[in-house]
Amino acid sequence: MQRLLTYRALNFILFIASVVAMLFAIIFLQNYKGLEPCPLCIFQRIGLMVMGGFSLIAAVGHPKKMGMQLLLWIGSMAGILWSAGVAARHVWIQHLPADQVPACGPGLDYFLEALPMKQVINQVLSGSGECAEISWRFLGLSIPEQALILFTALILVNLLVLWRIISKRTA
């Protein structure tokens, strides 16, 4: 059990979890089920990839200095907190009464071409009608609800990484 909780192993777990989640989204949800990701789903994936990237660098690079470990941890945690925040917003939009659901707007491609990045982020986080649609459920949970559970678990693993960084220095 002790070997499973090393700094390197925990970062590999985070990286593998991000790869598995992305493969599930792309292969199963998009290709097999034919579900296209809404802008909020895409934003969640971006945060997941950020977390996975920083975790891979931490696992492979295995830095010895606490400062570098903390920097990589901050990057990883920022990515997954972003994903969790966007997923929470997505769940909230899906639970709005029908008369309060934002109207459908242009897609993310249009926003990226026509607007500055700050406005793109504001528009996407405002949500749209397509983000309120629940197109698939598993165990009674929508995709954003499942994602929020996953992201919460990954936040907990990230906190274990922080614990490993700090506990090595205080021991």
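The backbone N, Cα and C atoms fix where each Cβ goes, and this holds for glycine too.
Copied over from Swiss-Prot, here are the features:
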TOPO_DOM  1-10  topological domain 'Cytoplasmic'
TRANSMEM  11-27  transmembrane segment
TOPO_DOM  28-46  topological domain 'Periplasmic'
DISULFID  C38-C41  disulfide bond
TRANSMEM  47-63  transmembrane segment
TOPO_DOM  64-70  topological domain 'Cytoplasmic'
TRANSMEM  71-88  transmembrane segment
TOPO_DOM  89-145  topological domain 'Periplasmic'
DISULFID  C104-C131  disulfide bond
TRANSMEM  146-164  transmembrane segment
TOPO_DOM  165-171  topological domain 'Cytoplasmic'
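Across the fold, the C-alpha of C38 (disulfide bond) and the C-alpha of C131 (disulfide bond) stand 6 Å from each other.
Across the topological domain 'Cytoplasmic' (64-70), DSSP classifies residues as 5 helix, 0 strand, 2 coil.
Of the candidate ranges 47-63, 71-88, 146-164, 47-63 has the most C-beta pairs within less than 8 angstroms of the transmembrane segment (11-27). The average pLDDT computed over the topological domain 'Cytoplasmic' (64-70) stands at 91.
The Cβ of C41 (disulfide bond) has 23 other Cβ atoms within 10 Å, all protein chains considered. Per DSSP, the secondary structure of the topological domain 'Periplasmic' (28-46) breaks down as 13 helix, 0 strand, 6 coil. C131 (disulfide bond): 21 other CB atoms within 10 A of its CB, across all protein chains.
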